[in-house]
């Protein structure tokens, strides 16, 4: 089912490509030894190289190269053994050298792909055009002084990966799914923390529209620096709408750079094509071409963690979880690891049910993440074990889990403390039922007269009398037997 | 008995080790000479006498204990393109203002580690852009040589004009230079001294203010090649802070002097017979061939077919890089700022006030050749031609060991004879540029005087990292030429 926007002249299709800037996880910056850590007092993570002092030279940080290669492998992309750094020249106060070192003509990573899952259960492949390494700029601060701007160079020179998608995206939903999947891959590999609030992942969104069936692309606009997945989706929608209105009014869309204003829910022109910078790219003569060995790439590949798609397939196969369950369990490695710890030595299907249900609910309620979950994987496994061996039933288990979250006690300790052990003594169950039937002889008559629905009532009354501890199967069986007497 | 100003770097070194003179004496004599003569020559931008005396005293203490590196107590001048920790560094430009680097360039750090005494920072063309040392914001440098028949002020060549003049006049025993398209060799030839442009990557560029990164190379300038060899050995070496620096051992260059040239094959590139070259330069070149042949070398004609493209290609490649390298001088973080209400205004005002005309011209040319629509026609084509020029040399070196050419197409001209057309000025580099484009080492040695009594130099070009053969061949010319002339203005005589 294709996403379409209906305008006054009929339906429109949208065409979107994303350029994602992902900050590389590394100790030091791309070309200097200064710390790449986020935050810090302004201008404390700055070397003379970052500040562009006379005679300072860039020296490539090999770990950043390794991170780019790992990411390329995660995107199933071509790894270019030869790549090169170029200078992108423009003047700005937070760009100390007057040029950004980037990779223009020869990026380190070529064509790759990302598989995205859509809400209707379908999967789409979004092409990756390229990934290249480049330096981040510093930060200009304009709101601290009425006449002056301040510059913080902490971020200047930090390594970024620019990941460019093909114009394969056809709906805001796909754009969101692509970004989430990309972020998931980057986090799995540990090459970017994907934190959009801190700016470690930002997107430039290229949007154009066309009539369904058209094979050529129409003019696109680039929406710069959108910093949340939700805003990317919103920006695409409003920009597409704007372009459709322009076309339908008989106008033409101009190629330009725009900004997304999420408060007003609109995009605004930043600069037109005529005002576009001439970046005067040329190979940076301070750096040699980057030549890497296939053997090194192989080494990095061998050391890669299991990636989301592979993990899902394995979980489905090994533990019999559904496609949906695997997608939820594999959102983060920590969740999948937690699940596997629980599932090993427990009923794996039951474990998936519990994690997706009561366990996540407990995390949400307590505002905790999987890393500092109030219940350990071992603790949850013990609880599920108590269900499996009929020590407690599912209903009691919910109560036990709540107690575990609250007190931190183990499941078996809580069961003992509260005397929640399930009653499997048929004698005790039978006597409890007999009391219920005796006290409700009218209902017994109605039941026998054909009102089958009353069976549930008897089960409920029995469980209530037994404080929920009756073994459900035995209660059912015994009730049937006694009611047919 | 010769005076203290007759020392070469090598003989001063030996006298210091033998404790025949003290480093303080030697340094003071040079400081005195600078005070006496440099008001006229203007070879120094910044003098550091106090620092020099302190360093000399420390050298004497080390020497007294039988310690001290290869340059212990040797007074040197540093081209003001090398950043020196705590000493103002200007690149001969106003835009850097009173910039005092908190760091030391690798080359000068190497020299300091070996015990050198720095007398100060030497004048140059602004950002090393020039061939006559006329573009310095600190005024032109005067060549200590005079024509026999006139008192006209001659240029010392450029861009390392201050280094050349200071060495020639005996104000320093040696100096650092940098060579992008001939900036060591041409001024060396103009002032009757020796200078080596090493293989690209031999000396670290870290801490040296960049002109054209793919061409810039530091090198020594001194009275003779022995002195240059001693300096180069100290300056050279791998530096992990410069990605283009090459990790190959530094040989004992001084030892190469004794090698001789027997059996050496010396190539004469036929394309270097350029039109309009003075007959006396052509004659000197022939003389050079004779000297080398007499010393046992074999002279072979070779072809470097792309020579004629050298200059235009150089002025595209070098200026493209320069336009980008000089973008950092924007008045924001260091140097001179001219305030303006907008950021663009600040850039425009600061750069308009800070850069001189020649630098502005080169930034404009460099920006143009990289611009969209012109990049392929200029920059990209220049890169391709550069490769061809490099191949010319590689091919020639399959047959010969070194190449012999004149260093410059003229002798030093007078300051007021400066060509009004900047392109004419660029022709000074016609013989030096190709080796720079190829990255191969080259040197200039003084070989004689022209009819008006002004020095002329011969250039030798060598194989990658084969500075030793260059030095051996150059020394053979030195011995045959027996160039012992001194300039009109020099220390040790009452000027």
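A Cβ is built for glycine as well, from the same backbone N, Cα and C atoms used for every other residue.
The secondary structure of residue B:79 (active site, charge relay system), as reduced to three states from DSSP, is extended strand. Residues or ranges marked as active site, charge relay system in TrEMBL: B:79 (among others).
Residues annotated as active site, charge relay system in TrEMBL: B:159 (among others). Taking Cβ-Cβ distances under 8 Å and a sequence gap of 6 or more within the same chain, the neighbours of residue B:159 (active site, charge relay system) are B:124, B:125, B:128, B:129, B:130, B:131, B:133, B:178, B:180, B:183, B:187, B:211.
Annotated active site, acyl-ester intermediate per TrEMBL: B:183, in sequence order. Around residue B:183 (active site, acyl-ester intermediate), a 10 Å sphere centred on its CB holds 37 further CB atoms from the protein chains shown.
Feature annotation from TrEMBL assigns domain 'Amidase' to B:25-470. On the 0 to 100 pLDDT scale, the domain 'Amidase' (B:25-470) averages 96 in this prediction.
Here the Cβ of residue B:79 (active site, charge relay system) has 32 other Cβ atoms within 10 Å, regardless of which shown protein chain they belong to.
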